[in-house]
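Just below is one structure, and these are the notes that go with it.
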Amino acid sequence: MKTKLYIAYGSNMDIRQMAFRCPTAKLICTSEVDGYRLLFRGSQTGAYATIEKANGYKVPVIVWEIGETDEMNLDRYEGFPAFYYKKDLTVSVNGKLEKAMAYIMDERRSLGEPSYRYYKVIEDAYSEFHLDINILEKALEDTIAEGDGDVY
């Protein structure tokens, strides 16, 4: 089975959710993406996590190893290619720099406040993996401050 590394920074950091969506996915490690910041952008169905280039920022991530079927499942879930596109980013995987695929939302989408339920899934993952919760909180604050007030 052909596999690749996948970076999760939103609700796909949740182990139970990934077990359902991507049954053959294997949790590899936590890591960070340097030079990007976390934000929330919206659509008719809600506001969801995305990342964008930004000097001086970093985004905590979970690195998964996924198979081809897992990737097809994620493509459907993430609305690829209309809603999210794919980009290979460099992350540290157990002390070694590796390329890993991330889904990034189309930057033309409006900033918007995520639902409590969606945010809570991400917040719980930050807690479970001992990630810096201040980064998640700042992402929400920045989204609200820079957005047009949409709440989903």
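Using N, Cα and C of the backbone, Cβ positions are placed for all residues, glycine too.
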**Asked** Of TYR85, TYR116, TYR118, which one shares the substrate site with TYR6, ILE7, ALA8, TYR9, GLY10, SER11 in TrEMBL?
**Response** TYR118
**Prompt:** In the domain 'Gamma-glutamylcyclotransferase AIG2-like' (7-112), how many residues does DSSP put in helix, strand and coil?
**Reply:** 21 helix, 63 strand, 22 coil
**Complete:** Fewest C-beta neighbours within 10 angstroms among the binding-site residues TYR6, ILE7, TYR9, GLY10, TYR118 belongs to TYR118
**Item:** Pairwise Cα distance for ILE7 (substrate binding site)/GLU78 (active site, proton acceptor) [Å, integer]
**Value:** 13
**Item:** Residues near GLU78 (active site, proton acceptor) in space but at least six apart in sequence (CB under 8 A)
**Value:** TYR84, TYR103
**Request:** Would you pick out, from the binding-site residues ALA8, SER11, the residue whose Cβ has the largest number of other Cβ atoms within 10 Å?
**Result:** ALA8
